[in-house]
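For reference, TrEMBL has these:
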type	residues	note
BINDING	176, 220, 372, 376	L-aspartate binding site
BINDING	369, 417, 418, 419, 420	ATP binding site
DOMAIN	143-446	domain 'Aminoacyl-transfer RNA synthetases class-II family profile'
REGION	198-201	region 'Aspartate'
Ligand code: AMO
């Protein structure tokens, strides 16, 4: 059998025999001629078949032609077929200026004619039928972009001597807080699903790994239904040794994002414009940095009062500060820095001259938090004090505290939600649109 050609590569070929395979998008069955639009994972192409409606003694091939015609007449949208035929360039063909005249057709799998979802189906219905929803070209592009983005991050990390780690997702203790924790039976004891790789990325610092990264699932038993929360999400994590402050972490973070966005723009910029009508911008460095207290004042001056002054920015506050940053610096990203220790985890280093503040940041992109980063407290006595300060029992954390008892460099890092980056990059309403299979308090299927 001739080699299968991806549809995107057809236009570069000369007229002649080809084989393509994919699923049937539409069939137009006219009396004298039949048209199929066939789509594969790279694009769509028009197939044409001059219809043979009855046997003709003068044509030795008429039985085969009749069979093909009848097969096409009965083809349901969504069926997967393989076609051999003759490629012809023809400017009059609207779809890419090429057409394939069918010589043979093999049906790999017939679809049920009634498709369960349509373009106006609700998001929930589409999620129920995610495999069909994913056939949309926009969805296909999302996951190509994700692949390119992750590849670019990995390339950056490898070029900068990072080590990739795979930390366990089954844990004996919570990694972030007692809230939002999935607990499960683990033989005759309890286990928890990792909320982040936090403790184990810090362990790598004590192990002398220097700089590490991980892209892996994280779990949060978050009962809320928002556009930015999932109960399982892909977390992009990095941790580096020998930082002087969170500034070193932010520098890494922005360089990494520039690498990711540059690769996505180069490879998919035209498709993003075509399918999402977005001119993707590669951010410039340095990203603006604003201390959280100052950001809250800016937002207040714009007339928005954050509901709890002692708390984190709320979503509207994030939108307001992003609007300010866009107007003032023309930038889509902003680091909000120096969060109050009262709203940060015990492992964040506090300011030497003001323990009320931490060496930490959140990164906001197009008005939504995509990441948290910090310099970590590496001095065991202070770390224990900070844990107690947060009402934690140091005994429970002993395995973690050991990492700091046998020598550890200064260090810091960040965790970033992959789906949030994609959602904001592609102006989507929710992370569920850019998550392969979304998990929420009420969604465990498919
Ligand atoms: P944090 O809890 O802020 O920090 O999480 C880091 C980033 O992970 C993403 N994220 C989520 N994405 C989807 N659904 C969720 N339920 C969800 N929760 C978090 C967000 C968020 O900014 N250990 C620290 C990071 C660090 O300091 O290295 C941590 O987990 O994009």
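We number each residue from 1, going along the chain as drawn.
Any Cβ shown, glycine's included, is placed from N, Cα and C.
Remember, TrEMBL labels are computer predictions, not curated facts.
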Fewest other Cβ atoms within 10 Å: which of the binding-site residues 418, 419 wins that one? Let me know.
418
Report the DSSP secondary-structure composition of the region 'Aspartate' (198-201) as helix, strand and coil residue counts.
4 helix, 0 strand, 0 coil
Residues 176, 220, 372, 376 [recorded L-aspartate binders]: greatest CA to CA distance in Å:
22
State the three-class DSSP label for residue 220 (L-aspartate binding site), counting H, G and I as helix, E and B as strand, and everything else as coil.
coil
With every protein chain in view, what's the tally of Cβ atoms within 10 Å of the Cβ of residue 372 (L-aspartate binding site), excluding that atom itself?
20
Including all protein chains shown, what's the count of other C-beta atoms within 10 A of the C-beta of residue 176 (L-aspartate binding site)?
17
Averaged over the whole of the region 'Aspartate' (198-201), what is the pLDDT?
97
ATP site shell beyond 369, 417, 418, 419, 420, criterion: Cβ within 8 Å of Cβ centroid:
228, 233, 370, 371, 416, 421, 422, 423, 431
Looking at the binding-site residues 176, 220, 372, 376, which has the shortest Cα distance to residue 420 (ATP binding site)?
372
Cα-Cα distance, maximum over 369, 417, 418, 419, 420, record's ATP binders, Å:
12
If H, G and I count as helix, E and B as strand, and all else as coil, what does DSSP give for residue 176 (L-aspartate binding site)?
coil
Can you figure out which of 369, 417, 418, 419 (the binding-site residues) comes closest in space to residue 220 (L-aspartate binding site), comparing Cα atoms?
417
